[in-house]
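Novice: The domain 'TmcA/NAT10 N-terminal' feature in TrEMBL is assigned to 370-477. What TrEMBL records for 530-663 is domain 'TcmA/NAT10 helicase'. As annotated by TrEMBL, ATP binding site applies to 535, 536, 537, 538, 539, 540, 541, 542, 543, 544. Taken from TrEMBL, the feature domain 'N-acetyltransferase' applies to 693-823. Marked as domain 'Possible tRNA binding' by TrEMBL: 866-1091. Annotated region 'Disordered' per TrEMBL: 1108-1146, in sequence order. Positions annotated as compositional bias 'Basic and acidic residues' by TrEMBL: 1120-1136. Per TrEMBL, the feature compositional bias 'Basic residues' maps to 1137-1146.
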């Protein structure tokens, strides 16, 4: 077994010569020569396992290494990347395996870089300064061990001057891991220092990664999750390789995870030590060098053309390397996909055209477009032959059994399976191919085609390409007609283009770019707004113009379109323009593709650095805030971008705008004509030109018009066509100019029963748009029974003439006659939807105009007649929606829709009389008397406008509903609408009206004064009656004087005292003594003598001595007296009468 393995490995060292062995001087050969002799064998294979995508094999810690070992044993040279070979502390030496970083592998597959095998590299080590001291020492010890034990040339290490701050996450859209480093410049400075100081030619990077939460990595440790570290690791190595073109690999630095017994063997390699560095150092020590400059390539290098096969997971075929190998123009390697190695991606080969059909490929090869053009295959819902290998084999077997497929064609079909350039697209997703260019278009399911789909798909085919219709039977051809094509010589436009190319041949940079133009429409000349029909090469012209702008020195160029997929042709012709200007890709410029799954690897940026730093950057239309530094803006497919967004994109910089529109000549003297549709669609040369002019007007006025409308114009029985033509000069044999096109659809005359049934079921049948929409909006069952005409088109002269036509005035009339004779009938606007159009960003509105007839009873008192109630309801709803759905509508447009009466000059004298009684009471729910007081204070300039902003909406609604007959100027009414109805701030009003803020505030003040004056004049009494008032106190004189009142009071007091004494007097004198006894002072004489003796020395005349009385006085204070008297007795007992409160004069 060992012998067999050694035999299949084929050691790189050449076999010894068959001469006798003799001592000789050692011969030193260059390392590249020795490695070339080992790696240059008959069979070279590439093994790819994308990193961070959860691959079943290769998505963990070196679990693809056994597969690489097995593959290397049967091939002469195996090229793979670190994700396959790295296993943390583990590695396996394989001398015929080349360790190539992922970014370098992509460039190698594209044929831009070559691989130069080496004997040994000088490896430098970059450590993140964010790594803790202990972790840093452990990584340095690993480097020392690699030098001492393995002899690896790790020459120097460096610590970054700033922490890299690595961030990692899982992309929620694709499910693969990704991330970023906040300070990439710190990493690049460190690598540059190593290169300058130690001349290293390979770099190992160790970045400090955030420590994982155990729960976040639990699935990965059990062998079923995503490696959250892998995505950002690839970003770090890509950054270094792209900048310095030397081998690089990354090892994360993290603290060890807690020990777990439930560990998958596929993840176990990362649990064996503190670092992931050993495998990286081993791989970099012998990694091949990358040769970028074509002049420095040597014979001993490996090229993409040397690759014989590519092995990768089946659902990971969307990478740059896989696509490059599958689309190789030279020797195409065999692409082997492994179905069992599942990932989170869904990039199967059929989505990238890695399998094609032999017959179609043969047709393409014979086409004059180019040697291997791209193919667009469109179908309804299911491919005739699956792009999946196994499914296709089953289908072929069934077709052979049914006799529908020749067995001899099977082998050639399998032979061309590897050919790339095939793009599949469902009919329902065909909008995403707008702006692209293909060499061939295959349309399957012919019966499912519509005019829209047919026009949308065939316009993507370049000149000289092939359009193939797949038909199930010949009956499908009944709707097709043969058409004669004039091929004699050059047309006038072709001659003009040829002359222009010759004229600008020597002009740089215009001359080389004009050579790339295929039509005269693509030569922009002095035009900035590029207007042309579909498929005329507008995107190609813009691409050439951008290339010229780069050559002219423009630095910041931005391009925008609804999607970057619409810019594929534009970027393609930018690159073609660069080729014509001798710009070399990867030397003078780089093309950057999107990594977003939504954009599907579309080109989003081109970096140019030939003269100086220049950028062509894609932005989404709504990102117009990023245009502060733009010098040139390219807007492609402008008509598919909402109109308000296009307005925001325009600015004080050069703008190239591309759109499918045409201009209109000014009307002079016009006549309305009815178009005979049989003649219009008769395929006559003049009829075709007339039809083309009609459609051009439709497209220019309303971008939603599509080829499907052409089918309605031709076949719909209820549709009729009218055109407004300019003067016809019969002396000239030419068609007149079309000023206006009106398409009329007769609608209505619906039974009342059908209307009620539809309203009750909530179902709106197809057709009869105006009657059904009207009944839906107003829940009315009468209107749909009327007959009417729905028109597409506009123009006052055309509409007036059309009105007279349907009113029975069939005589020939001129525009002037119509203006004189036509009775003015007001137009009624009826909203259809409050939501904006996704195409134009505008709202939809139906405008109704009644014809003069007696079919409907009309109230003559109402100027709107039959439509009066509906129109008032519309205005009321529109007023309410101005603060929400129509808040961003321009105030000028809102004013035109409302059409308020703002001039009441003739009514001013009778304003107060015209107001009905109780007017103020009807407003009390919205306005209070205090609101009126605040309004008065503002009009008197006592308070700021902020105090009344809450009542301005109420006043605005009253005014625009006609409840306040106040004369306002147009500016004042516009300000009131913006502030009151749309509830915008004054800054917004400045932008809308283009006026100074002071002028706007002045007009707002004037409007408020007029409204307050009117309200105060008509309802001042009612307002005052509702305010609260204080109760008044009335004062009356007294009936007697003050002296008499005092005498009377004195008498009453005296009488009261006498009565009290009389009541207490009992038995004469004894009672009197009892009464006086309560005021007696009791005490012993000994107490007086003792007090006088103690203080007699200092007594003077008139002195007073205090002695406490022993008399007991009855308390009459009620509650609490008992306790207080008890305390007092206790105090007296304690002092034993040693003190006296009695007073005696000495």
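Using N, Cα and C of the backbone, Cβ positions are placed for all residues, glycine too.
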Novice: Tell me the residue counts in helix, strand and coil for the domain 'TcmA/NAT10 helicase' (530-663), as DSSP assigns them.
Specialist: 50 helix, 35 strand, 49 coil
Novice: What is the Cβ neighbour count of residue 539 (ATP binding site) at a 10 Å cut-off, with all protein chains included?
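Specialist: There are 26 of them.
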Novice: So if I draw a 10 Å sphere around the Cβ of residue 541 (ATP binding site), how many other Cβ atoms end up inside it?
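Specialist: Taking every protein chain into account, the count is 26.
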Novice: Would you please pick out, from the binding-site residues 537, 543, the one with the fewest other Cβ atoms within 10 Å of its Cβ?
Specialist: 537
Novice: Summarise the model's confidence over the domain 'TcmA/NAT10 helicase' (530-663) as a mean pLDDT value.
Specialist: 84
